[in-house]
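Chemist: Okay, handing you the structure first.
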């Protein structure tokens, strides 16, 4: 994936871009065809997987789903969390296809479609954004924690509603999605007080602190939010430890540190989408900080709701917080640093990811 994203990125830089209007300003974006090719490549391998991380659990779950509505409602009574997810999956099996590859393809397509819709719209350097998606291991959420990442991507895909001030509509969407993965419920509090017109507001910082503290103690206070089966699988297969959490914390903090060093300039020129990304990234850092010093699985799962905004924030920061001469150096340093982090995460922290596809006859780390 790293090689393919690099090749597509080089092709993007070599081809003429197109002019578009984003947030009332004329800017440029890469041709949509490159985005389609990149997403199709990811969905292809994600869809044809048989064994990697918790894929086996999802496949077994899909195979055990009933094929008629009478059995479906009996089946749902035994499900404690994510009833809507399993209901829709069973409907997919009944009316579209009982092939689990088709189901995995569908989940990957919806997730990537929502995710890259927003990334393409707001990223000033899509090739770098695509590279970060691979290098910081965001793509692994398509392989592990699929149900939660589906919710993350759909919410991210409708980030325009926050920017346009349609928070009630966004909150209603969040409440609906919380029936797919209950961790989404915490987004209601964040969305109410997140700002797209300013950065680091006192009100937002206060409620970030309250939410992080509430999440820290949620495993004891809200038993209904602890999704045991998926959470334990997540913890075991990903091998999350303190070192990895600290690495994630450092990576997520880089754009915010640069913004703080250029605070006045950023506050003056940043569009609403970037101010939203800055504030969201700050929330993600708070959760990473909490996760670094606790074994709470729910706390460790929360940052992904916010750090996806960093995928388009960092390219903007590099382009707007450095001179023309220095930004090239920073871009190269960024690419090298993320490659090192990718190697550490994949080869050392996780000791590789065993990918098996019976259909493609592939088996490799």
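Placement of Cβ uses the backbone N, Cα and C atoms for every residue, glycine included.
Automatic, uncurated: that is what TrEMBL annotation is.
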Chemist: In TrEMBL, which of 76-94, 304-322 is tagged transmembrane segment?
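Modeler: In TrEMBL, residues 304-322 carry the label transmembrane segment.
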Chemist: What range among 30-48, 49-67 does TrEMBL describe as transmembrane segment?
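Modeler: Matching range for transmembrane segment: 30-48.
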Chemist: Quick check: do the transmembrane segment (245-264) and the transmembrane segment (329-356) share at least 3 Cβ pairs under 8 Å, counting only pairs 6+ apart in sequence?
Modeler: yes
Chemist: Which residues, given as numbers and ranges, are at least 6 beyond the ends of the transmembrane segment (100-120) yet have a Cβ under 8 Å from it?
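Modeler: Counting only partners 6 or more residues beyond its ends, the transmembrane segment (100-120) has Cβ contacts under 8 Å with 29, 32, 35, 38-39, 42-43, 46-49, 55, 58-59, 62-63, 89, 92-93, 126, 129, 133, 142, 146, 149-150, 153-154, 156-160, 308, 311-312, 359.
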